[in-house]
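Undergrad: Sharing a structure with you now.
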Amino acid sequence: MVKVYYDADANLELLNGKKIAVLGYGSQGHAQAQSLKDSGLDVVVGLRKDSARWAKAEADGLQVAIVPEACAQADVIQILLPDEIQGRVYAEEIEPYLTEGKALMFSHGFNIHFGQIVPPKNVDVFLVAPKSPGHLVRRMYAEGKGVPGLVAVHQDYTGRAKDIALAYAKGIGCTKAGVFETSFKEETETDLFGEQAVLCGGVSELIKAGFDTLVEAGYAPEMAYFECLHELKLIVDLIYEGGLSRMRYSVSNTAEYGDYMIGPRIITEETRQEMRYVLQEIQDGTFARNWMLENQVKGPQFNAIRKMEQEHQIEEVGAELRRMMPWLKK
Ligand code: NDP
Ligand code: MG
Ligand code: MG
């Protein structure tokens, strides 16, 4: 069984007298920095000079500095920058200040696992990853609760890496819900697989394939949008709250029968085999190499596909229909 840590397993005092640099003030950065500060810890937010978020972080009561200055002051450096730029920022603005005994940390293992960042041997390296988007991390903390998280140690120089990681997890509320022990390899590979095969890649293609099939057969795009995209939220909410069983309990018996009979004809053995290949390409570094190379040449394929996808008919119909839904945020 996987080990789970709670409040009683974590000692916040390990971070007393230490300075924590939270680099980035985006989804995770703003949530983690504010919660650490509210836990009584000494936090500096590291940003670039021209960041639009600088004033925001200061307005939230945080000390802000440019990345190298934040790293020079800090004992613990949490990198919450976009994954694809971490390697470059690390080499130029973090590594020079990563002196003996400091801790380098992450909320995603990509750069360590795939060797884009190779820290010196004389520092601790670990990750604390909330299993939720930043705004929910912050909201749960503010309500005196927390979201579940992951903890993993890559390098334990001080002999206290895991204890410091757990103290940090406590500082953002995660030990209230439970913190699961994992490794950089497991966190990185399962995260990439989940977003590619199921959450982002799988779901997007499934929606488009359903939509295209109905539209090709002459049905109204509006109807296709409602059936194949809009209603997904209802289904996902039910699954999220009570698993597949809750969803199947809630839908009609006709829908449930269709689910059992037809689902396996959509996700076929061939699809499952392809998922195994996708996992292999994550494990052997093929995906990471492609993504890093794509970034090195400034993302021509990424940008072209992004544009094409934004112009798909489902996006045009959807924009029209969502205007009729006053409860949606602009
Ligand atoms: P965001 O894109 O939301 O925020 C990135 C931050 O980095 C911004 O504050 C941006 O500020 C800053 N930034 C970008 N480039 C630079 C630079 N060159 N120098 C200094 N600052 C820079 O990132 P996320 O919070 O989504 O992701 C951060 C990490 O957390 C990633 O490792 C991600 O995998 C992980 N994670 C994210 C989750 C999520 O819910 N989003 C969940 C779990 C983990 P500005 O542009 O204003 O300069
Ligand atoms: Mg991810
Ligand atoms: Mg229906």
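Start at 1 and count along the chain as shown; that gives each residue its number.
Every residue gets a Cβ built from N, Cα and C, even glycine.
Unlike curated records, TrEMBL annotations are generated automatically.
Grabbed the feature section from TrEMBL, which reads as follows:
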type	residues	note
ACT_SITE	HIS108	active site
BINDING	TYR25, GLY26, SER27, GLN28, ARG48, SER51, GLY134	NADP(+) binding site
BINDING	ASP191, GLU227, GLU231	Mg(2+) 2 binding site
BINDING	ASP191, GLU195	Mg(2+) 1 binding site
BINDING	SER252	substrate binding site
DOMAIN	2-182	domain 'KARI N-terminal Rossmann'
DOMAIN	183-328	domain 'KARI C-terminal knotted'
Undergrad: At the Cα level, what's the spacing in Å between ASP191 (Mg(2+) 2 binding site) and SER27 (NADP(+) binding site), rounded?
TA: 17
Undergrad: Specify the nearest of the binding-site residues GLU227, GLU231, SER252 to GLU195 (Mg(2+) 1 binding site), where nearness means the distance between Cα atoms.
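TA: Checked the binding-site residues GLU227, GLU231, SER252; minimum Cα distance to GLU195 (Mg(2+) 1 binding site) goes to GLU231.
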Undergrad: Between HIS108 (active site) and GLN28 (NADP(+) binding site), how far is it from one CA atom to the other, in Å?
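TA: Cα-Cα distance, HIS108 (active site) to GLN28 (NADP(+) binding site): 11 Å.
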Undergrad: Helix, strand, coil: count each for the residues of the domain 'KARI C-terminal knotted' (183-328), based on DSSP.
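TA: Computed counts for the domain 'KARI C-terminal knotted' (183-328) are 122 helix, 0 strand, 24 coil.
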Undergrad: Output, ordered by sequence, the same-chain residues six or more apart from GLY26 (NADP(+) binding site) with a CB under 8 Å from its CB, or 'none'.
TA: ARG53, LEU80, PRO82, GLY134
Undergrad: Among the binding-site residues GLN28, SER51, which residue has its Cβ surrounded by the fewest other Cβ atoms within 10 Å?
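TA: The binding-site residues GLN28, SER51 were compared, and SER51 has the fewest Cβ atoms within 10 Å.
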Undergrad: Note the mean pLDDT of the domain 'KARI C-terminal knotted' (183-328), expressed as a whole number.
TA: 98
Undergrad: For ARG48 (NADP(+) binding site) and GLU231 (Mg(2+) 2 binding site), what Cα-Cα distance in Å is obtained after rounding to a whole number?
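TA: Rounded to the nearest whole number, the Cα-Cα distance is 41 Å.
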Undergrad: Highest CB neighbour count within 10 A among the binding-site residues SER27, SER252?
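TA: The largest 10 Å Cβ neighbour count belongs to SER27.
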Undergrad: Using DSSP with the three-state reduction, classify GLY134 (NADP(+) binding site) as helix, strand or coil.
TA: helix
Undergrad: Check the Cα distances from SER27 (NADP(+) binding site) to each of the binding-site residues GLU227, GLU231, SER252 and keep only the ones within 10 Å.
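TA: If one measures from the Cα of SER27 (NADP(+) binding site), no binding-site residues come within 10 Å, so the answer is none.
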Undergrad: Which has the fewest other Cβ atoms within 10 Å: ASP191, GLU195, the binding-site residues listed?
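TA: It is GLU195 that, of the binding-site residues ASP191, GLU195, has the fewest other Cβ atoms within 10 Å.
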Undergrad: I'm trying to understand the geometry here, so how far is the Cα atom of GLU227 (Mg(2+) 2 binding site) from the Cα atom of SER252 (substrate binding site), in Å to the nearest whole number?
TA: 15
Undergrad: List nothing but the largest Cα to Cα distance in Å, as a whole number, among the residues TYR25, GLY26, SER27, GLN28, ARG48, SER51, GLY134 that the record says bind NADP(+).
TA: 20
